[in-house]
């Protein structure tokens, strides 16, 4: 990217420096319902509170219908919530109690739509210049800033084209340039990568990441793709039926999910039912299960002694051996039912007590179906979740 | 339109209170205020004349005297015969039009008899040759003594030993009237039934064919039942149209002696002295009642028929008619001949010949009538200019307003949007003749004194065509995905900028197509004009009507040909322009 743009960014960052530890977006107790055709109401967003810090990449993650896009659109001002509060840069843009509801154009943010929403009757350059026109930037600056934005997204030669003449990936870049041209410090993304093919998606994801880290805008990003969320996010909010199921950094969400829903959504989860015998002061727990006593390194909030629980672990954290691994705390006997080579790893399915476990190994050793074997999981890799 | 500034603060009150957090969730802005105000103004402009008509029923010369109008109307000579005539002709023509329109629709949509380019323009044919002009053309072809077709038939029959002084066909008869009504009802039935056929699941028919049902069995057992709601709607629409239809019967009614409701209303108001306002008001009530009944039935039928269009997928493989294919094509071509080509040729001949005569004398053909109409005859040339101005102004203003309202209704799913949509369409079922009577009562005298002015015509046209204009504009608005507007708001564009820079340009191709239809309707408008146009502001429809009854057939024909040529140019030009605008971009951003 050009130095000049970077200077502009930095000066803007300096202006807002005093607010560096104040959230860029603060959503408090937001409620939005939709009326179904049969007259019943559905809470699409149900008492949600989240924060987006300046320069941070925050991802709203969840399956379709969990309310993540509705939440994003409420922040943008495109949907009208019925309860709660939205603040942007410390300024209240929506408040149900005091009936404040700022129009989207007055909220000072940018957004990239799932369909890109490029205006087909304007050239690429005119599309990108539009926010500058709206914000009454001097006309003499337009050409230069559009050119710099185009260069930044890697398509400097396409300014005179019409959107319909571009590929999906190029359209995506134009949408990005349009969102970035006015140097906004807040950009919303509504599943922007779901309409391009896998190869382009990976490339764009990488570029988006480096661009965000370099320019330092705050991003609120909606996706249903957990690997996309893991790669991009500083912090993730996993949504379930209009509520925030868990929020935190990608590692925390993956390693320490708060529920089976979150754990299962961000990755594959192996589960064994059990009952908590005791929870030690250091946070480890002993759980009675059908494979005997297991010691788990962490326990989700709210789990108490005597609770029915699920002991969970990730497939890549399970050892698979033909002989008993005496150096691992938790180990039990299994039968291999499938063993498949899938390129970057081998995948195994093992059975014990009518239960399946999935295992991913980085070696390429395959087992015959029916082989008797041992699995072993370290204490730190087992987590106790509410049933 | 003059009422706009007065209505704005009272009706809409933009900015009185931000409506955040309301249950329908819409944000009240200046744009929605303007849209709402426009809708209210047009609703008032439509309702005021109708209320004037109703008030006219009960008040005579300012005193409450409901009995006077009723007894006067019931005492009109031949009242019941006239109502019976109207009812019989409308119902019989409607039934024939449903059958013919359905056959045409089936041929065009489902069979290999379709002629692609003709199928698309079939419903547009009556716009190319307006009903007034077309009916006059048919009068020239089928009048018993001097009609070209009759002369032709007599010339064929006479060597065979059959000698006739006149006929055998007579356009000035029940048959002739029904023929003309049917021609102009067919486009409606064709449109509705072909839409029904396109929406019904073609796989149902294919299943029937696969199960061993032949073409005919499939047609009667599967196809027709599946479009039954469309057939019902088509039947109602023909009745609806038929009661209000004026141009056709206006040409034929007097000579044939078959009195028709719409014609009588215009006659006792515009062509009798003193004008019988009370009679016109009373008769208008009959028409309003008929139309209201049909409107009521129609909304019920349409509501119940929702289920018929659920399965809107699967394009049927076309049915191969074999040798019958050419018969099918002949039927399609025959309709085009009847609706446009034959009457046009008759008028063309008369315009060059100078008077109504079919003597095949090619030596006397000239352009005299055209130069007379354009430069010699002040009334004709003034009418041409007035109508062009009215159509240009009316279509442009109408389409612009309709675009604002359609955009607003689409982007506000809440109660305000629904209210605007209903308000703007309130005037739809009011027949033009009745609207003409109402507008004259409402705005003709004190305090407006608009009688006979350009303004009253423009007002009547706008009010009459606004519901249709909003339907067209809504089709245009539906083409533009909501995210394109949202992206503009996000980029910092307000409502006004978003409408002018994003919505309007993207709707433009379809708006231009809608504009061209509006232009043509206004250019040839007759029903309301005949009541409202004064001698200082003659308009085309009224002028052609007068020329016909004064016997200036040469001038009339020349004027009709000029109107037809303008219509074709506008229609083709608008569609070419729209296609070019659409062509610049592959998809208009359907999100």
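Even glycines carry a Cβ here, placed using N, Cα and C.
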Where TrEMBL places transmembrane segment among the ranges B:148-170, B:171-193, B:194-216: B:171-193
When TrEMBL marks a stretch as transmembrane segment, which of B:359-379, B:422-442 is it? B:422-442
Can the transmembrane segment (B:79-109) be said to touch the transmembrane segment (B:422-442) if we require at least 3 CB pairs below 8 Å and skip pairs under 6 apart in sequence? no
Are there residues at least 6 beyond the ends of the transmembrane segment (B:330-352) whose Cβ is under 8 Å from a Cβ of it, and what are they? 100, 103-104, 107-108, 113-115, 118-119, 122, 125-126, 128-129, 133-138, 140-141, 148, 183, 186, 358, 365-367, 369-370, 553-554, 556-558, 560-561, 564
Six or more residues out from either end of the transmembrane segment (B:36-59), which same-chain residues have a Cβ under 8 Å from its Cβ atoms? 1, 3-4, 7-8, 11-12, 65-66, 69-70, 277-278, 281-282, 284-285, 288, 401, 404-405, 408, 416, 419-420, 423-424, 426-427, 430, 434-435, 437-439, 441-443, 459, 462-463, 466
Counting Cβ pairs under 8 Å that are 6 or more apart in sequence, does the total for the transmembrane segment (B:511-532) and the transmembrane segment (B:171-193) reach three or more? no
